């Protein structure tokens, strides 16, 4: 199992009461992000329970030394790019020191307390300036389900089990959790219509994905070998790759999705580190019999042994009707990151095998991660079979696709016997009407 | 015709002798860029003849006032992003002042002279930090020619004449002219092979494109109406969208080109302004009979009247054999920007019709612009019919695709009766062997 140390100890408790048993941010997590306290400017912070630790303030109080200090300095600007670029060791040192500072018995509790802000009073921002955003397609159940609807005769194309398929997305429209999403307009064409029309999408969808933050980059022209790929990952987030299916169906050939996707992507604001996720790494599930072996540049024994992630991924829907009746959000799907056909290391090795350069703060999406059955769909297109079978909610409402006022909430959760469960914080956004 | 003023006067001459009759940079052009003089840091400049005017130095010498001063201030950092964001009016004022300063009879010649650097001694950089790069597909002859090879039965897909097809490209690997391009490796599959292989591409290609620099951006969720699209263009460049055709053929379905394109794109380093190009604007060529009318969001009378560009686009090849024998570069194709099926304004209106936000310094590619006949191919895939008909060079060499050591050179040139011809400067790069 990847490096497990004292920061993962399940018995570790914080002197900050809200951290203990917190569903997302117990002391075993310590994700990094960028926030503004009330009336303050954007700055880096660490989520702990219901609070955020101001890293620059802690740095100014002299709470860090050596490598941890260097990492905290890199993390004390208005974006985390310089911190993401550092690589694992300084990040690990800073994490260890933060764990020490926040743990019961910390000698520095009195110095740390003034550096905490109530998270509820703060605004979360994108954690980094995103240079390039690439979205993959590694959820094989999703690829199969959607392929069946777009290409009934040919759901999974011949390249799928050889190539970690990916494409470039739009960086400018990536928003932190909480930013409303405007229903996009665009061209679409009814299958039996003579020509296309223009208007607000009628088939608005979410996509349940993991996001991967690139840490250290690579020089243009130099591939990252798969055995080194893990060292280039700085963290993870949730990613909702909103999609307009009617626009997509009409525009996507031959160059792929464009306006169907680039109107907004929502991410959870906290960077959950590879260190925090170490307990939840698992072996790659064996490939089904008959599947081809990956080409050598995508093969690594360590990656096979511990390159997959066991993370529950959940998507929930809160509609105006549910809200009005005081009902809970409806679970649209419960999936797991273990359903990725390719690992993150394989994604990175593939992305750079042609010399393409990744930069610190680049974001990779996994693509929609659905599970093998109908309770684990990562998009409404799958859950309703393209709108044919509406979802019926406890409020009496029906949904074939998303309506204005609907809020979609993604959650991730790591659970493993002997370890404290951790979460990612929410990735949520509400649809506002087309302009 | 778009605003023509005294800066376009063909009789205007500069006191700098190399500017007069310069093929690219006479006083009627005045493109902006970022350069380093020997031993100096990156800074903004203006190309004039064989020299570059250091804008920050000119600013420090008190050569600008009012709006021109504001524009020069925005243009005096290490990237032009803030300048690009300004919009047309300050840019026009700065251009007018630069024209005055550099013209024969300028009262300030003595103050300007120390601000000039010999271009040959300087290094050119990317003019802006590129947030997002989008590549379109508006060259209808290219789309038809390539479609015939990838989809013989179905060259031009049903959406082509309705949708200005585009997709997201990679910003990190965009390089200024002169940066060598490493031959990429990747997965490809021979049509009759059982599985794919991995290796250096055997079908390396160039693509002759115009690049469009985005100036003022738009807020997320707010479309740019076509009538306002022109105001969001800050300038133009040449763009070589290098492509690995064997990788592309295997990877591109269903999400579009990825590693086949993102290993490098080369641009010319100078931002040629819409003002400099005003004399070369022409009416959109009439759509062939039977073609559908564009949907209303893509229709604008002024755009129909003067939204197209009459610019010669040339692509040349210099091989090791030609070089060794002292022979000239071989012209691979001579095309024209008038062969775009969609205008730049239509590209921008389409890109933002779903609310997608453009930012200052974003780059749009037009896609390959080929002409209607075999002398006007914008890619070698077209010129050799997919490698079937090799090009024979004066050196005796043959080319089906690009070889290591080959240099591809793009040029653009505006010519119009009554106006001084201008060019873009070169967009050139040499292929180095795969690593």
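Glycine too: its Cβ is placed from the backbone N, Cα and C atoms.
These figures come from a predicted structure and were not determined experimentally.
TrEMBL tags one of the stretches A:113-133, A:134-154, A:155-175, A:176-196 as region 'Disordered', and that stretch is A:176-196. Residues A:261, A:265 are recorded by TrEMBL as Mg(2+) binders, and the candidate that the same record lists for that site, out of A:241, A:246, is A:241.
Of the residues A:41, A:352, A:368, A:375, TrEMBL puts just one in the substrate site with A:137, A:151, A:248, A:252: A:368. Neighbour density at the Cβ, taken as the number of other Cβ atoms within 10 Å, is lowest among the recorded positions A:142, A:151 for A:151. A distance below 8 A between C-beta atoms marks A:137 as the binding-site residues from A:137, A:207, A:209, A:265 lying next to chain B. Note: the Cα of residue A:252 (substrate binding site) and the Cα of residue A:261 (Mg(2+) binding site) are spaced 10 Å from each other. Annotated Ca(2+) site A:135, A:207, A:209, A:241; additional same-chain residues within 8 Å of its Cβ mean position, judged by their own Cβ, are A:169, A:208, A:239, A:240, A:243, A:261, A:265, A:365, A:366, A:367, A:368.
Secondary structure at residue A:209 (Ca(2+) binding site), taken from DSSP and collapsed to helix, strand or coil, is strand.
Under 8 Å, Cβ to Cβ, and six or more positions away along its own chain, residue A:137 (substrate binding site) finds A:143, A:160, A:164, A:165, A:166, A:167, A:367. All protein chains shown were included, and the count of other CB atoms within 10 Å of the CB of residue A:209 (Ca(2+) binding site) stands at 30.
Residue A:207 (Ca(2+) binding site) has a Cβ environment of 29 other Cβ atoms inside 10 Å. When the C-alpha distances from residue A:142 (active site, proton acceptor) to the binding-site residues A:207, A:241, A:368 are tabulated, the minimum falls on A:368.
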